[in-house]
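Working notes, structure below.
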Amino acid sequence: MAAEREPPPLGDGKPTDFEDLEDGEDLFTSTVSTLESSPSSPEPASLPAEDISANSNGPKPTEVGLDDDREDLFAEATEEVSLDSPEREPILSSEPSPAVTPVTPTTLIAPRIESKSMSAPVIFDRSREEIEEEANGDIFDIEIGVSDPEKVGDGMNAYMAYRVTTKTSLSMFSKSEFSVKRRFSDFLGLHSKLASKYLHVGYIVPPAPEKSIVGMTKVKVGKEDSSSTEFVEKRRAALERYLQRTVKHPTLLQDPDLRQFLESSELPRAVNTQALSGAGILRMVNKAADAVNKMTIKMNESDAWFEEKQQQFENLDQQLRKLHASVEALVCHRKELSANTAAFAKSAAMLGNSEDHTALSRALSQLAEVEEKIDQLHQEQAFADFYMFSELLSDYIRLIAAVKGVFDHRMKCWQKWEDAQITLLKKREAEAKMMVANKPDKIQQAKNEIREEIEEWEAKVQQGERDFEQISKTIRKEVGRFEKERVKDFKTVIIKYLESLVQTQQQLIKYWEAFLPEAKAIA
């Protein structure tokens, strides 16, 4: 067995751990000490071929009995691998071979793989097709942050301006780092432009945060309090997530309107973005009309994949809404718990001040301090519940609405194609009736007209079929990308959320363990 198997080559580029051994060290002290070998034999200082293969991922060698073949245990390894001899030529093949990476122990491979995954990709001048090919890995060297919310103006004419900072090495941008000031309506205008360009052809455009009339009215006319500050912070975080999702899309990243939004110091004011304007009311009417059309159109779905995905997103939407409501209730519960804990701490402190017993008074005062710290922990955990978990669910509820929107546009595209086919059929029937009519004076002119109309509608039918096939192909690709992003986002947020819970519980344990000696000291 051993004679038929050649040991794997050892690279001479890097010394292995065995070469660091001194001549006097015995490599197989625990195993070879029981063997009866000649003092001049180099077997104890040699590396057997079986031991080399045992460290690899290949098949395990047949187990050798020490009592049966003691003399042949190291017979094949005495000349191939010797730690005492610097020569390694005997273990190399005599046939010419291409350059091979030196074989290293398996324990040294893992750090190299980690270092490769940690290296940041360098992205320079790329075409749209190249960026779309990298969409599966979502490798885009661009970072976007929204910060420094600032109130501009007074009264009902006031608005909030946000600083949008971009850092990138993509050559499509004029600078590697730049920042601009944008108001909320600018974000809505950007989404409106992108949706009008890409939504009807099957691209999933990330939705912008919804406009809140009540919240913004408080910010405009009210003083700065905790509720208005919390509203501004929620909106800032939502705008940042919106831009980050938008620039992750390989097609949207190439759009000139997006680049203008990120780079241009002066941006034309977005129009038709107000909720109570005429355009806002028109959008509401159009949404209602689309809902009615969706109920009346009966599409003969021939693709089982689309039927399955539509049902999947309907169920996912319902479950996300239920979970979001539960998390919102959890956030309210933690805030209420924080308020009750603060009230308890205040009462314990007052009781400690009125207590005559020194040890008990000190213990009550310490208990009040612990409860104040726990109150702070409950507040921090409530923020984590909201900003990590609740906002993620809220974002994906809107994203699923965008996904359902592209499915609706596919249905509209099919309806347009179907209408063109029906019209073409009617034109051909009219031509057939004209051919059997006994009016030779008018038949030639009418025949030419109807033939032109038939050719026109034939072209429309062909175009409708191409559009339907193209939007179906795009939606398949977009849904696959959406699913990958969804799993990645949920994994990241769940891990961070669990880490915050663990950290909170560990801090609680520390607080109570520190207070326990004070309670035991009461005498």
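In case you wondered, yes, glycine gets a Cβ from its N, Cα and C as well.
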Region 'Membrane-binding amphipathic helix' according to Swiss-Prot, located in which of 152-169, 278-295: 278-295
Cβ neighbours of SER185 (phosphoserine) where a neighbour is any other Cβ within 10 Å: 16
Integer Å distance between the CA atoms belonging to SER185 (phosphoserine) and LYS473 (N6-acetyllysine): 33
Cβ neighbours of LYS473 (N6-acetyllysine) where a neighbour is any other Cβ within 10 Å: 11
